[in-house]
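Listed features, source Swiss-Prot:
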type	residues	note
ACT_SITE	C161	active site, nucleophile
BINDING	R141, R142, R181, S182, N183, D184, N192, H222, V223, Y224	dUMP binding site
BINDING	D184, A278	(6R)-5,10-methylene-5,6,7,8-tetrahydrofolate binding site
Amino acid sequence: MTQFDKQYNSIIKEIIKNGISDEEFDVRTKWESDGTPAHTLSIITKQMRFDNSEVPILTTKKVAWKTAIKELLWIWQLKSNDVTELNKMGVHIWDQWKQEDGSIGHAYGFQLAKKNRNLNGEKVDQVDYLLHQLKNNPSSRRHITMLWNPDELDSMALTPCVYETQWYVKQGKLHLEVRARSNDMALGNPFNVFQYNVLQRMIAQVTGYELGEYIFNIGDCHVYTRHIDNLKIQMEREQFEAPKLWINPEVKDFYDFTIDDFKLINYKHGDRLSFEVAV
């Protein structure tokens, strides 16, 4: 059993047992297959915490880990909102939200690309500012990135689920706290928890720090009603030891990472489970 499997199953059980239904409301989300309202059971403010002795990835089902990393590179390295660039990587998870111009509007990578931070008289974006400050001002309590821009929320195809990171350097270790306003536990959470841990490992490597703790905070923690049956099946499955994540140690520049610089070794997992998408 992995740390992630244990915490994940605990939260799923709590949601199914004690979650509050939103069926009394006219919800925004609709089922992609038939357009009917996609209702949820939810609880609020849950935290997952990892000591980084293992990579947090589920073993009770197959997680498309390469797809998760490609999405991460699209947002954090390319700082892109162009879905066609993601399609070129063979990833289509954002196709449902693609606008007429091929983008997701002013969401995710668009916010990271904005050069709105001052650094030695030059305007830089959030990622470059973070990398510089972690290396040159490690004791700062201001190592934060933010995707939630109130002035541009109406220009986003989808407002960001994971919206904030805060980084801490303590005794030579790089700790990461991630905040998600909302997490779909069947589909979004397994991706987000894994990919932001990969980001922590990438940035620790290029800034020269050891890995510290990884904390993932969720505001609205929910399960869609059509996902419950398969989640119950998933929780009963055999659990395996965590795999090892290899990241090419030769990469010293954040922008030099490619998908070929990552390998997930000895990833044993249950079969893939199908969960319908709510849009």
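Even glycines carry a Cβ here, placed using N, Cα and C.
A C-beta separation below 8 Å, combined with a sequence spacing of at least six in one chain, links A278 ((6R)-5,10-methylene-5,6,7,8-tetrahydrofolate binding site) to T29, K30, W31, E32, A38, D184, Y224.
The binding residues for dUMP are recorded as R141, R142, R181, S182, N183, D184, N192, H222, V223, Y224; their greatest pairwise CA distance is 37 Å. Cβ neighbour count for V223 (dUMP binding site): 23 (other Cβ atoms within 10 Å of its Cβ, all protein chains included). Distance from the CA of C161 (active site, nucleophile) to the CA of R181 (dUMP binding site) is 5 Å.
Within the group of binding-site residues (N183, N192), the Cβ with the highest number of other Cβ atoms inside 10 Å belongs to N183.
Rounded to the nearest whole angstrom, the C-alpha distance between R141 (dUMP binding site) and C161 (active site, nucleophile) is 23.
In this view, D184 ((6R)-5,10-methylene-5,6,7,8-tetrahydrofolate binding site) is surrounded by 24 other Cβ atoms within 10 Å of its Cβ, with every protein chain counted.
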